[in-house]
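Quick notes on the structure that follows.
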Amino acid sequence: MAILSDAATEVLVPLAAAIGIAFAVAQWFLVSRVSLSPSSRHDDKDALLGESLIEEEEGLNDHNVVARCAEIQSAIAQGATSFLFTEYQYVGIFMSIFAVVIFVFLGSVEGFSTRTHPCTYSNGTECKPALFNALFSTVSFLLGAITSVVSGFLGMKIATYANARTTLEARKGVGKAFITAFRSGAVMGFLLASNGLLVLYVAINLFKLYYGDDWEGLFESITGYGLGGSSMALFGRVGGGIYTKAADVGADLVGKVERNIPEDDPRNPAVIADNVGDNVGDIAGMGSDLFGSYAESSCAALVVASISSFGVNHDFTGMCYPLLVSSVGIIVCLITTLFATDIFEIKAVKEIEPALKKQLIISTALMTVGIALISWLALPAKFTIFNFGEQKEVSNWGLFLCVAIGLWAGLIIGYVTEYYTSNAYSPVQDVADACRTGAATNVIFGLALGYKSVIIPIFAIAVGIYVSFTIAAMYGIAVAALGMLSTIATGLSIDAYGPISDNAGGIAEMAGMSHRIRERTDALDAAGNTTAAIGKGFAIGSAALVSLALFGAFVSRAGVKVVDVLSPKVIIGLVVGAMLPYWFSAMTMKSVGRAALEMVEEVRRQFNTIPGLMEGTGKPDYANCVKISTDASIRQMIPPGALVMLTPLVVGTFFGVETLSGVLAGALVSGVQVAISASNTGGAWDNAKKYIEAGASEHARALGPKGSDCHKAAVIGDTIGDPLKDTSGPSLNILIKLMAVESLVFAPFFAAHGGILFKLF
């Protein structure tokens with residue numbers, strides 16, 4: 001028996017979620033105290049005098065600057081909201097159709113029967129009818145989709161709320177601006193982690209009212225939650241990625257390379273669309289993506305646990321172990337956040353990046369202790385885990401080791417990613433140095449760096465898989481993935497901080513603020529770029545573990561005893577599955593290319609036809625560029641989305657579960673490699689460009705300044721890398737997870753009616 005009672009578990013999980021939501025609201029309140037209206041500043045005369053002195057020192061004692069920041073913020077917020085509403089309308093139609101498909105496919109497993117049937121794994125227990133499993137799977141799918149949408153939308157709203165406030169705080173010093181940006185990121189991180197946990201917990205308890213003792217059916221239907229979350233994440237990542245990179249490429253190629261004007265110059269017609277893109281791609285898309293990973297790893301663990309001793313013996317606390325790990329994660333991340341905002345004060349630019357890295361180390365160290373504690377309290381000393389037809393005995397310390405290995409593997413992947421993408425280290429400096437001989441050598445060095453950066457993360461994932469599987473079979477891999485995502489609130493805070501700082505720099509440039517303010521926001525942004533790359537590393541690493549755990553759950557549900565790679569049915573699946581990430585990447589990159597082409601033509605047209613635009617006397621048509629990005633991304637996101645969503649349905653229905661298991665394995669193996677190399681190549685090119693622009697070392701100054709041939713070669717590399725690091729790379733981790741969770745949801749149908757072609761011939 002576990003020390004923690006079922007009653008205590010029923011209180012702890014929602015309590016942790018409530019604390020997370022309350023903390024997010026408190027952080028939002030602190031950010032909201034930075035005023036965007038010059039007339040309604042604080043009543044405190046001393047504070048007002050202090051701010052006036054700071055502004056005078058910066059040459060900014062001008063209410064027009066504050067008004068201009070508010071105006072730019074409003075334009076960015078409107079563009080982002082408009083895009084997301086348009087995207088959600090199209091995706092809403094798709095989700096409604098897919099919900100019907102889930103109901104029809106799963107309901108037809110037993111001919112829409114309303115009769116109970118003997119459970120597969122719990123001997124002597126009657127399981128609920130397939131028709132009701134179909135109904136509850138559909139409901140949980142819609143719940144996951146809605147939670148994912150809300151997570152992304154709330155993240156975008158807080159980011160667009162905080163960007164101008166970060167700019168204004170930068171007048172008082174880099175420390176104040178850092179705290180505003182980081183607190184805003186924390187609002188998103190804690191809201192997403194807490195909402196995801198709370199909705200899943202409430203859904204389990206509501207479904208239990210109908211399912212009663214049929215935990216096998218209950219947790220099988222809950223898998224729809226992960227499918228819903230990841231489906232929305234796919235469209236959010238692809239649509240948002242196409243939007244942001246079309247605007248970015250258009251703004252950079254015409255503005256920087258052709259017209260030789262600075263980044264975020266208000267004369268550039270694509271500048272508002274570029275800043276909107278940071279919010280819809282890097283914030284809303286990323287939020288949905290990490291929510292999807294969290295939902296899927298929880299669902300994979302719950303499905304395997306439901307057919308193990310936890311589910312068979314109705315041990316509610318043991319079943320909720322994945323949710324308890326996430327609950328501890330929220331509390332640990334809350335304590336960690338206080339280190340950045342309240343305990344260690346940032347006073348200089350050089351302290352920003354170490355402060356963000358400390359967040360990762362502190363949260364990982366505290367979480368290790370938290371996992372040990374919850375494993376001791378919530379798990380019996382010995383229990384059994386389902387392992388492909390057998391029950392494997394596992395101890396509570398063994399499961400602690402699985403979660404801890406996932407947690408620390410995530411940190412290793414994060415730091416390796418940072419080494420290969422930060423301009424503080426030799427790999428990126430070598431890429432920057434290659435710009436001396438032009439764009440071609442820059443591209444060659446960048447690609448080589450990306451391929452090399454795959455090696456250590458893959459070894460870390462491989463060790464994590466082997467140890468976790470040896471200790472606790474597929475359940476071990478599922479909780480290892482959950483371990484990697486247990487500090488999701490801190491990870492998201494750091495991730496969201498980057499685009500907010502990027503926007504803050506853009507607003508400073510557009511509002512005509514002093515060079516010193518722009519230097520501060522650039523320092524915040526540079527640290528954010530590196531930590532964003534670390535975040536992508538976490539997302540890809542966790543996607544590999546989540547996908548494998550879901551694969552194991554699918555194989556168990558579909559009744560496949562062994563996946564034989566010498567079987568022709570499996571081999572054809574492996575080959576096709578390994579090809580899918582390349583097909584998907586080709587579609588997303590071409591989509592960015594097409595959208596960017598339209599944007600480049602529009603920006604050129606405006607520079608050529610609007611009188612006085614280059615001189616600063618004419619006004620660009622920002623709205624038209626926002627419209628081009630919106631229309632192009634909505635139009636281009638559908639084919640890649642359809643490829644991912646339809647592949648498991650087509651393969652499972654026509655070729656059966658063996659071929660589908662081959663497709664999932666092939667997509668996982670090749671998808672992880674392509675995703676890591678694409679993300680790191682793009683990140684390295686971006687930071688090589690920033691290395692030259694900053695001119696912080698003798699070597700960097702020799703390559704610069706801005707506008708030199710070296711710098712132009714670096715901009716071209718950065719432009720090529722944009723779709724790699726912000727569209728194709730991050731979307732690939734959703735591809736491997738989404739196909740696996742979709743296969744798991746439809747497993748009963750594929751097992752009963754799949755393989756039509758092989759049955760005919």
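Any Cβ shown, glycine's included, is placed from N, Cα and C.
Feature annotations, courtesy of TrEMBL:
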- 12-31: transmembrane segment (TRANSMEM)
- 90-109: transmembrane segment (TRANSMEM)
- 129-156: transmembrane segment (TRANSMEM)
- 177-204: transmembrane segment (TRANSMEM)
- 319-340: transmembrane segment (TRANSMEM)
- 360-385: transmembrane segment (TRANSMEM)
- 397-417: transmembrane segment (TRANSMEM)
- 454-482: transmembrane segment (TRANSMEM)
- 538-560: transmembrane segment (TRANSMEM)
- 566-584: transmembrane segment (TRANSMEM)
- 734-758: transmembrane segment (TRANSMEM)
Stretch in 397-417, 538-560, 566-584 most in contact with the transmembrane segment (360-385), if contact is a CB pair under 8 A: 397-417
Recorded stretches the transmembrane segment (538-560) and the transmembrane segment (734-758) touching, at least 3 CB pairs under 8 Å: yes
Dominant neighbour of the transmembrane segment (566-584) in 12-31, 177-204, 734-758, by Cβ pairs under 8 Å: 734-758
Stretch among 90-109, 129-156, 319-340, 397-417, 734-758 sharing the most Cβ pairs under 8 Å with the transmembrane segment (12-31): 319-340
Spatial neighbours of the transmembrane segment (129-156) far in sequence, C-beta under 8 Å, 6+ residues away: 80-81, 84, 88, 91, 95, 98-99, 102-107, 109-110, 112-117, 188, 191-192, 195-196, 199, 203, 207, 210-211, 217-218, 220-233, 236, 279-280, 283-288, 291-292, 295, 496, 745, 748
Recorded stretch that, among 90-109, 319-340, 397-417, 734-758, has the most CB pairs under 8 Å to the transmembrane segment (177-204): 319-340
Close approaches to the transmembrane segment (319-340) from elsewhere in its chain (Cβ under 8 angstroms; 6 or more beyond its ends): 4, 9, 12-13, 15-17, 19-20, 23, 27, 179, 182, 186, 189-190, 193-194, 196-197, 200-201, 215, 219, 294, 297-298, 301-302, 305-306, 310-311, 355-356, 358-359, 362-363, 366-367, 370-371, 373-375, 378-379, 399, 403, 478-479, 482-483, 486-490, 493
Beyond the flanks of the transmembrane segment (397-417) by 6 or more, those residues with Cβ under 8 Å of it: 321, 325, 360-361, 364, 367-368, 371-372, 375-376, 379, 453, 456-457, 460-461, 463-464, 467-468, 471-472, 475-477, 479-487, 533-538, 540-542, 545, 679-680, 683
